[in-house]
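Per Swiss-Prot, these features apply:
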type: ACT_SITE; residues: HIS475; note: active site, charge relay system
type: ACT_SITE; residues: ASP529; note: active site, charge relay system
type: ACT_SITE; residues: SER631; note: active site, charge relay system
type: BINDING; residues: GLU226, ASP236, ASP275, GLY278, GLN279; note: Ca(2+) 3 binding site
type: DISULFID; residues: CYS65-CYS83; note: disulfide bond
type: DISULFID; residues: CYS135-CYS147; note: disulfide bond
type: DISULFID; residues: CYS143-CYS156; note: disulfide bond
type: DISULFID; residues: CYS158-CYS171; note: disulfide bond
type: DISULFID; residues: CYS175-CYS202; note: disulfide bond
type: DISULFID; residues: CYS234-CYS251; note: disulfide bond
type: DISULFID; residues: CYS294-CYS341; note: disulfide bond
type: DISULFID; residues: CYS321-CYS354; note: disulfide bond
type: DISULFID; residues: CYS359-CYS403; note: disulfide bond
type: DISULFID; residues: CYS386-CYS421; note: disulfide bond
type: DISULFID; residues: CYS595-CYS618; note: disulfide bond
type: DISULFID; residues: CYS627-CYS659; note: disulfide bond
type: DOMAIN; residues: 16-130; note: domain 'CUB 1'
type: DOMAIN; residues: 131-172; note: domain 'EGF-like'
type: DOMAIN; residues: 175-290; note: domain 'CUB 2'
type: DOMAIN; residues: 292-356; note: domain 'Sushi 1'
type: DOMAIN; residues: 357-423; note: domain 'Sushi 2'
type: DOMAIN; residues: 438-680; note: domain 'Peptidase S1'
type: CARBOHYD; residues: ASN174; note: N-linked glycosylation site
type: MOD_RES; residues: ASN149; note: (3R)-3-hydroxyasparagine
type: SIGNAL; residues: 1-15; note: signal peptide
Amino acid sequence: MWYLVLFSLLASFSAEPTMHGEILSPNYPQAYPNDVVKSWDIEVPEGFGIHLYFTHVDIEPSESCAYDSVQIISGGIEEGRLCGQRTSKSPNSPIIEEFQFPYNKLQVVFTSDFSIEEQFTGFAAYYTAIDVNECTDFTDVPCSHFCNNFIGGYFCSCPPEYFLHDDMRNCGVNCSGDVFTALIGEISSPNYPNPYPENSRCEYQIQLQEGFQVVVTMQREDFDVEPADSEGNCPDSLTFAAKNQQFGPYCGDGFPGPLTIRTQSNTLGIVFQTDLMGQKKGWKLRYHGDPISCPKESTANSNWEPDKAKYVFKDVVKITCVDGFEVVEGHVSSTSYYSTCQSDGQWSNSGLKCQPVYCGIPDPIANGKVEEPENSVFGTVIHYTCEEPYYYMEHEEGGEYRCAANGRWVNDQLGIELPRCIPVCGVPTEPFQVQQKIFGGQPAKIENFPWQVFFNHPTAGGALINEYWVLTAAHVVEKNSDPSMYAGITALRLADLENAQRLYTKRVIIHPGWKEDDDLNPRTNFDNDIALVQLKDPVKMGPKFSPICLPGTSSEYNLSPGDMGLISGWGRTEKRLHVINLRGAKVPVTSLETCKQVKEENPTARPEDYVITDNMICAGEKGVDSCKGDSGGAFAFQVPNVKAPKFYVAGLVSWGKKCGAYGVYTKVKNYVDWILKTMQENSGPRKD
């Protein structure tokens, strides 16, 4: 068994200061041992440096001298490390390596590791004391101004205007009291660009005439002041003070502050404070007087005219608010105002601000409502809704309004026009249920036929087609330009009429194709038996008041024999010439030829005298028909392709040869264009 014995030889040698000496590695010139650490502390007299020479180097080589090496250490810092086999760079000199230090102390350390594969002899070196020039050989100059060297020492001196401090190294100077009044000038630290004096406080004053501000400009390279300590405090500093503003303190290599300082003041104080240490060159600045400027952006949400990079004393600007904002002064609002740059650097009218435009409380609409907004300023969104289920909004996207820049509530589709709530047509709250086929129909509720209108004197009917218009037969109103009408009733008793909603006529418009009767003979021509009654006031829709739809013009609205429709009214029944309560019936469509074959009850009229045209519908069956008193009422049919009960007026009760058989109805589909055109031409400004 092999045992590896490791030992370490740690030694340190020092002696009294000498002017020269020799250093040899252990066992030199024999091979040095393993695992050795040995150091030599070299010291020469004060005021001298050390010159170290190596005449032999034979140490185990390794990368970065990591295994065996000789180190040269000065002030705790490694100045060199040698290993390997070195030879002289010059054939006439024994010197292999040399080091020179301006300090009087030096340490040499030799280290070997635990394993040496070959035999190495180590190193040989010697040193000598050399004179040091403290004024030039050291990084830190010992004197703040003049350094005077002699063998073994130095002394400091100052320029004539300076004095030497008690530390015999630093010079001080008195540098306060200067006042600068010119509009342009230059100021620098004492002795610039040479090192400024230590332990000094320099105060300068710049005083310009009113209306000008002091503007200081610096170049970074013109500033070299002792930097801040680890806590951020400046031992030497430059500070500016103007009114209630302070700039600085500043220190460091290169000016750390803004290169241009606009003080907004016509006076500026400058203080330069130094401590007992430092060898920096100081600073130099330039200043000039600039007309007092005012900040460019004094208001938000606005544009300035003229738009300039800089505004100065007495400049006037027009400030215009951006879209959606306005200026309010008392009860007056505007989109712009004027402001003047004042001598103190503040704008006149600085209290005015561009604030969001106020659109006010949204206007109400008829038959609808608007949500109450939290505020009514620019950008606020509100929504209008209609009173369902009796009204719907005319435009699907017409409910949302936004407070616009012009102070109006605006809809993307309608602009500033308010939305309109249109009555829902053709939808009864209680659809009519047919129980049996009887002459004169069966009792009905107004909720079955909410479009039913009663005409008094003579008794007749009409159909409400919107809030302002009633559709009826021409023969009902041809001799009455102001008919008496009621809506929302079923019974015709006097008390019922007094409580019903009276409809007042604005105008009666009879179709131009209707021929006037001569009153001498029974009427036999009912072609174009249709008229419109315009109301003075709109009808408020609800369970008892609701219009019936107009027919479409497509083929889907063509009627065929056998199609069933509803009629309603207060006409003659099998037992009574007229009835008190509203009745309804379901009636089938038949061919026009059927109506031609009905025997006339009036013996004075011949069947061939009656005019039958394509503007008419024939409907009815034995025992189920409209009769006198039902004239002008609606012949209602289910709207095509709609599952829920919804009705349109296909016909108007017009005439018949006798009751209880077949009747003739005005075909409304043929008159839709005339109806719409007439209503449009006679619709004045809405009251809603």
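For all residues, glycine too, the Cβ spot is worked out from N, Cα and C.
Because the structure is a prediction, the values reported are computed rather than measured.
Nearest Cα neighbour of ASN149 ((3R)-3-hydroxyasparagine) among the listed recorded positions (GLU226, ASP275, GLN279, HIS475, ASP529): GLN279.
Every protein chain shown contributes to the tally, and the Cβ of CYS386 (disulfide bond) ends up with 23 other Cβ atoms within 10 Å.
Neighbour counts of Cβ atoms within 10 Å were taken for the binding-site residues GLU226, ASP236, ASP275; the minimum is at ASP275. Applying DSSP to the domain 'Sushi 1' (292-356) sorts its residues as follows: 0 helix, 31 strand, 34 coil. Within 10 Å of the Cβ of CYS595 (disulfide bond) there are 23 other Cβ atoms, across all protein chains. Each residue of the domain 'CUB 2' (175-290) gets a DSSP state, and the totals for helix, strand and coil are 0 helix, 62 strand, 54 coil. Long-range neighbours of CYS359 (disulfide bond) (same chain, six or more residues apart, CB within less than 8 Å of its CB): SER376, VAL377, PHE378, THR380, CYS403, ALA404, GLY407, ARG408, TRP409.
Through the fold, the domain 'EGF-like' (131-172) approaches residues 45-49, 102, 104, 191, 195, 197-200, 276-279 of its own chain, all at least 6 residues removed from its boundaries and within a Cβ separation under 8 Å. Residue counts for the domain 'Sushi 2' (357-423) under DSSP (helix as H, G, I; strand as E, B; rest coil) come to 0 helix, 25 strand, 42 coil. Other Cβ atoms within 10 Å of the Cβ of CYS403 (disulfide bond) number 25 in total over all chains. Checking each of the recorded positions GLU226, ASP236, HIS475, SER631 against CYS175 (disulfide bond) by C-alpha distance, the shortest gap belongs to ASP236. Here the domain 'EGF-like' (131-172) has a mean pLDDT of 80 out of 100.
Counting every protein chain shown, the Cβ of CYS321 (disulfide bond) has 25 other Cβ atoms within 10 Å.
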